[in-house]
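S.K.: According to TrEMBL, the feature signal peptide maps to 1-19. Taken from TrEMBL, the feature domain 'Sulfotransferase' covers 24-258. The active site, for sulfotransferase activity annotation in TrEMBL covers K33. Feature annotation from TrEMBL assigns 3'-phosphoadenylyl sulfate binding site to R127, S135. Per TrEMBL, the feature region 'Disordered' maps to 351-375.
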Amino acid sequence: MLIGIAVLLVLLASDKASSRTPPIDFAVVGQQKCGTSTLWANLVVNPAILAYGDKKETFAFNGDRVIVPPRCTIPLETYIKPAEQQRAAAKRPVLIGDFTATHFACSCCPGIFKLLNPKLKVIVMLRDPIYRAHSRFVEQVQMKKLGNRGYRQPNGTEVGFNASRGFAAYVHWALPQLEGCVQRNEAGEDSPLGRYLRMQCYMFDHIFGFSMYDVFLENYFRHFPDNQVLVAYMEDMAEDPLGVIRKIEKHLGLPPFAYDKSVGSAVFNAHGGYGWRNASASTDHAGLEWVSTGPADEDKGALAEAIERLRAFFMPSMKRLFAWADEGRIAQVPAAWRSVYGRSALDLLLGGSDPDAEQEDVTQPERRGQASSPG
């Protein structure tokens, strides 16, 4: 494994470009449960865009929760050849894109993608991190997968957690394990090794770890220049789907396509209709409501305590995103994010800079400008 990584680093250090056509032109790398399925369903309507393979996700270099860690050592021929055949079969100029949402929370994926195409256009979809974590939790409970054993992830029922205890109980059970990983590995250290260890802790937790966006985005910034990485937000997609699509078309160098009026009228892979091709009618919240997973979730006091714990946990990561947005490295974040994550607990207690501001209720999406729950 170490030899393979060393060889990859040597290859990446070379500036010599390949003369062959890259297998893919762009990649929507994630994040999981941030609207990538809805984006995929809308973009592939454009005849200039072709999704790699015959499904929404390839899981080529990083699978779903059951098959992590990343598998970047697969023979690349198995990825390159099908793309070449697909491009030839199209018989028209197309941009081929990989839409695998687990390629974001992946330590080795940016390096592999740069090797495959140094000029790759990267697209990242993000959403409020608490909402993303809750959406994944609800999905896993409803699909009866939460208790399944994953790599380096204990079976919840074996260590005292039962999914029927609800989201708040899961926060108090799982979050200390994630924090413990960071502490054990001294991964809070601001060094290349510290950041890498921190990323490893987060990438093995698909509920909360996958919502620590800064470490994974920074990993892509280390491999691609800022102008090749576009960050978009699910909240914006819910409010103005065509506007987000136009930004992506511009990022890919495509002229505006004449989509029909159905763009944004449905969300995909959402609560009530999981599956890449399963569409649900968009509501005023674009399909995202705070979904209860059982009677335990009706305890508003416990839920509020759990959410405040998550808010504090995600705040440092979010503040890095705010800084990158202010520097122009990424698009400006939704205003609600700054309201929730830009203020300390003391600020909230004292009313912050706006003593008349009403405290946000994260379980009420209409009060936070939240978007839906698609994958």
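Cβ coordinates are placed from backbone N, Cα and C, and glycine is handled just like the others.
Walk me through the surroundings of each of these features.
M.R.: In the shown protein chains, 27 other C-beta atoms lie within 10 A of the C-beta of S135 (3'-phosphoadenylyl sulfate binding site).
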S.K.: Using DSSP with the three-state reduction, classify S135 (3'-phosphoadenylyl sulfate binding site) as helix, strand or coil.
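M.R.: S135 (3'-phosphoadenylyl sulfate binding site) sits in a helix per DSSP.
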S.K.: Looking only at Cβ atoms, how many others are within 10 Å of the one on R127 (3'-phosphoadenylyl sulfate binding site)?
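M.R.: The answer is 28.
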S.K.: Given K33 (active site, for sulfotransferase activity) and R127 (3'-phosphoadenylyl sulfate binding site), what distance in Å do their CA atoms have, once rounded to a whole number?
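M.R.: So the Cα of R127 (3'-phosphoadenylyl sulfate binding site) lies 8 Å away from that of K33 (active site, for sulfotransferase activity).
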